[in-house]
Amino acid sequence: MFHSEEQGDLTLQSKMTDVAADKTDPAGSLSSTEKEPDDLIEEKNQENQPAAEGEGAAGGVYRYIKEDLFTSEIFKVEIQNLPKYIGFNDLKKFLNKHGINPHKIKLFSKQMFAFVTFKNQEERDKAMKAVHGMQWKSKVLSVRLAKPKADPILKKRKLEEEAEGGQPGTKRAAGSQEVEENEEEPLNIQIANAVTPLWNVPYEEQLKRKEKEVEGVLQKLTREIGNNNKAMLPWLFVQKEKYNKICCPLEAIRPSPVQTEYRNKCEFVIGVGADGEDKTVGFRLGKYKGGSCAVVSPSETTHVSSEAKRVVQGFQQFIRTTPYAVYSPETYEGHWRQLTVRTSRIKQTMAIVFFNPQKLQEEEIEELKRNLHQYFTEGKESGITSLYFVRMGQRTSAGTEDLPCEHVTGEEWIHEELLGLKFRISPHSFFQTNTPAAEVLYSAVGEWAQLDQDSTVLDVCCGTGTIGISLAKRVKKVIGIELCQEAVEDAKANAEVNGLTNVEFHCGKAEDVFPTILNAVVSPSVTAIIDPPRAGLHSKVILAIRRAEHLKRLVYVACNAKAAMNNFIDLCRAPSNRVRGAPFRPVRAMAVDLFPQTMHCETILLFERVAYSSNTDI
């Protein structure tokens with residue numbers, strides 16, 4: 001999904017981020033991959049090796065660390081001897097409790113250590129002084145300075161040079177050989193493998209694989225419910241007997257009505273082409289952190305619409321006429337960074353240009369914007385109906401949702417039709433990236449929610465209001481919560497244009513807004529519909545849901561069910577001092593395919609509150 005969530009290790013210094021890869025949505029460009037434990041141990045060892053000669057902060061594989069460019073990597077420590085079984089949130093909460101505010105945490109729970117970075121030396125030193133020697137759950141913590149992460153591109157070059165020079169590194173040399181063999185494939189095959197890895201798998205087989213993935217998630221959830229709520233074991237035993245060893249029935253996956261050209265939003269990086277052509281707009285063959293910067297045109301990709309391809313082609317022609325170079329994540333030099341294209345079924349197209357102004361004068365930037373306006377409005381058949389310009393500097397990470405958009409030409413929004421309703425979409429607003437499949441998804445959500453005219457729907461992480469608005473005519477009231485101010489404004493306008501008066505929207509973090517709203521709701525039938533970022537909901541929201549005993553039913557839409565596992569577990573775990581209120585349990589599950597040609601899909605889970613008063617419930 002294209003939420004503004006962030007997840008795990010996405011705040012790595014801007015050098016390490018891949019602006020082409022949408023970290024919050026599969027198939028937008030390159031999907032992110034999880035590291036295996038062996039890789040994590042190797043990374044730990046590499047990060048804590050003494051620097052080789054010539055590899056200090058000013059050069060070698062650490063050349064990216066410059067005095068005039070921010071990176072939290074230079075304020076990095078390693079906390080050792082952590083207690084067993086703690087999670088990311090536990091560590092963050094522990095540090096915050098002692099007045100420590102980390103910029104980034106990378107936890108290696110199996111090895112019981114973590115890398116923690118800070119925004120400046122003062123905060124780092126304060127943390128070292130406070131945490132070193134502190135006792136936590138019978139463990140005495142130790143803290144030491146950690147070496148910054150090596151620049152991936154320079155590190156790869158160094159290893160290749162060592163391999164070519166006959167120095168130790170057989171394993172690396174073998175890896176390089178593998179890359180070379182891969183590079184012999186035509187570029188259209190390479191990019192298809194990178195952005196749509198299932199492009200050559202029959203669609204029925206793709207669906208089977210995705211359904212199997214969701215079944216694996218439910219198997220894990222079944223085990224976790226048994227481990228965290230002993231009172232549910234009798235019920236769980238019956239469920240496993242009924243449903244092939246999982247906690248609830250898994251219904252047949254619902255396919256996407258379209259399998260090609262389905263994406264209504266894509267983010268394209270701008271860089272040097274894999275064919276050597278400068279100022280190429282497209283997708284990267286690999287991630288920067290994997291040592292790759294080569295860009296390939298999306299012209300032969302199956303998931304990008306023809307309208308978006310036309311915009312990419314026209315924009316590429318334009319930037320090649322300008323004197324400005326592409327931005328280099330290796331040197332921090334250059335200007336052109338990214339192009340985002342949003343399209344709709346009613347043939348409207350929005351283009352958002354991301355540009356690093358460097359030290360250009362304001363007059364030069366204004367002239368560039370005038371040239372963009374002229375190029376895309378005078379006789380060009382790009383199809384663009386809305387054009388925006390965004391200034392994106394060095395310190396900006398992959399998350400672009402908070403950057404102000406400067407309207408250049410055309411309408412301020414694009415519009416889309418979904419389930420017979422009309423929606424307007426702003427540059428940063430979330431809208432499902434496969435509109436026909438979103439109709440399938442939202443129809444299933446409405447069916448599972450079991451709503452009537454007395455129902456109140458809480459639409460959490462509502463984006464432009466699509467789910468709540470699609471259900472509004474069936475219920476008494478819809479209350480939406482969304483972090484992005486642009487999306488909230490869109491949602492309010494969307495409710496108005498569709499003639500709805502029983503809908504309201506609130507802007508803010510779900511963990512801040514939701515508890516207050518939930519406590520104020522007076523209704524005989526309250527249902528929550530949750531469509532959160534890939535990382536899932538903040539634990540505060542889950543705790544508020546658990547406390548609100550009048551909330552009996554919850555439909556959870558997960559774009560990454562594995563990442564949302566902690567949410568599922570917290571909904572079902574036994575009551576405690578931390579988790580108050582009767583638990584929920586899963587009663588239905590289903591996958592909906594919104595991302596053909598990739599391994600990603602949406603998963604719907606219906607949770608219902610356990611009624612302890614009934615002897616038949618547990």
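Placement of Cβ uses the backbone N, Cα and C atoms for every residue, glycine included.
Heads up, TrEMBL stuff is auto-annotated, nobody curated it.
As annotated by TrEMBL, active site, nucleophile applies to C559. All protein chains considered, the CB of C559 (active site, nucleophile) has 25 other CB atoms within 10 Å.
Per TrEMBL, the feature active site maps to C559.
Residue density at Q432 (S-adenosyl-L-methionine binding site): 27 other Cβ atoms are found within 10 A of its Cβ, drawing on all protein chains shown. Annotation source TrEMBL lists S-adenosyl-L-methionine binding site at Q432, E482, D531.
The domain 'RRM' annotation in TrEMBL covers 75-148. Broken down with DSSP, the domain 'RRM' (75-148) shows 25 helix, 23 strand, 26 coil.
Among the features that TrEMBL reports, region 'Disordered' is placed at 1-55 (among others).
Residues or ranges marked as region 'Disordered' in TrEMBL: 156-186 (among others).
Neighbour density around each Cβ, counted as other Cβ atoms within 10 Å, peaks among the binding-site residues E482, D531 at E482. Across the structure, Q432 (S-adenosyl-L-methionine binding site) and C559 (active site, nucleophile) are spaced 11 Å apart at their Cα atoms. Geometry remark: C559 (active site, nucleophile) versus D531 (S-adenosyl-L-methionine binding site), CA distance 8 Å.
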